[in-house]
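Let me begin by presenting the structure, written as structure tokens, before commenting on it.
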Amino acid sequence: MKKTMMTMAIAGALTLGATQLVPLQAEAVGNGPNYGGNETINTSILSTYSEMASYLQKQAAKQKDMELEVIGQSVKGRDLYLVKYMKNPENPTILFLTQQHGNEQLTTEGALEFIKHLGTGKMKGVTDNVNILIVPMLNPDGAMGDVDFPLDDYVASGDRHLTRYNALGVDLNRDHVSKIQPETRALHERVMSAYDIDYMIDLHHQGTDRVINGDELVSGSILYPTTPNVDPSVLEGSKQLGAVVYDTLSKKGWGHLGKYPGGSAETISRNGIAVEYGISTLLFEMRGMSDHEYDSYVLGQKSNGYLIKQTIETLDSTVRAIADGSIRSKDVSFWDELPTQTSRQSEE
Ligand SMILES: [Zn+2]
């Protein structure tokens, strides 16, 4: 009885703290309007695949601890890259995966910026204690709109459209059991099976109008593996990974996270990779997409700044928490209080 009372008191205190912070956060998040038919959305401001490739090559030439590897080719023959910081194979290893869905690009922009940070003094010593693997833009054909199906009804302006699917119209994040597409096969053969990976964050974007607590827009949503086949210790690591991200972002004025309402299918990386390789995984869905056929999915580019920052903070905080071991003592009870997001307006 006593214990119940105390738990309730703590829960009450947490709720009160959250309520006080929410108005500021919701306002900051809401500052970036969705497309709504008149916001500026121009895909020309996003890195092209070629720009990304030459950026990575330049960084690799500049940074002595960074290795750049080609792990395969997309359907249309674009090289798929793996960025590696691996000083000691005995260190714990984290993998960051971006843009399995080609129209979810700000996560890649954030990852590229983080790679630059890794070569500067502000990250000094961090890679002595953690190995970092980054696969940016797993779906370059979708990102470049170089696909075998029409994108005429997509809403963004600019020199190209970006689509979720690979060139053959396949959703790569439903291919993690069969591994039929060259992009997913490269990831599994040359990354997942090739390294002893402890943690993975799979970075995505979701619709613009997801809310929690009634009507508060979120800057993103997170979720651990939700298949019943996941090992309990892998699940605990996933929840701790989420705790690092949540604690870091909820301190930011623009950071406001909900829980993603995800299913148990193992064709999705969050579930399948956790089960197949025993890797603690976290799905992170950022607000709004770079392009889509539905207006309500596409976010005005005024939000790009904080969403790129959200990616950088996510990568930076988790890398540091794994390097100093603090992730292993992370309290995961926030997950029990984290509201599951819903859609503000109906979607198709
Ligand atoms: Zn996605």
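Cβ coordinates are placed from backbone N, Cα and C, and glycine is handled just like the others.
All annotation found in TrEMBL is predicted automatically rather than curated by experts.
Marked as signal peptide by TrEMBL: 1-28.
Residues or ranges marked as domain 'Peptidase M14' by TrEMBL: 45-326.
Annotation source TrEMBL lists active site, proton donor/acceptor at GLU285. Sequence-distant neighbours of GLU285 (active site, proton donor/acceptor) (same chain, 6+ residues apart, CB-CB distance under 8 A): HIS204, HIS205, GLN206, GLY220, SER221, ILE222, TYR260. GLU285 (active site, proton donor/acceptor) falls within a strand when secondary structure is assigned with DSSP.
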Taken over the domain 'Peptidase M14' (45-326), the model's mean pLDDT: 96
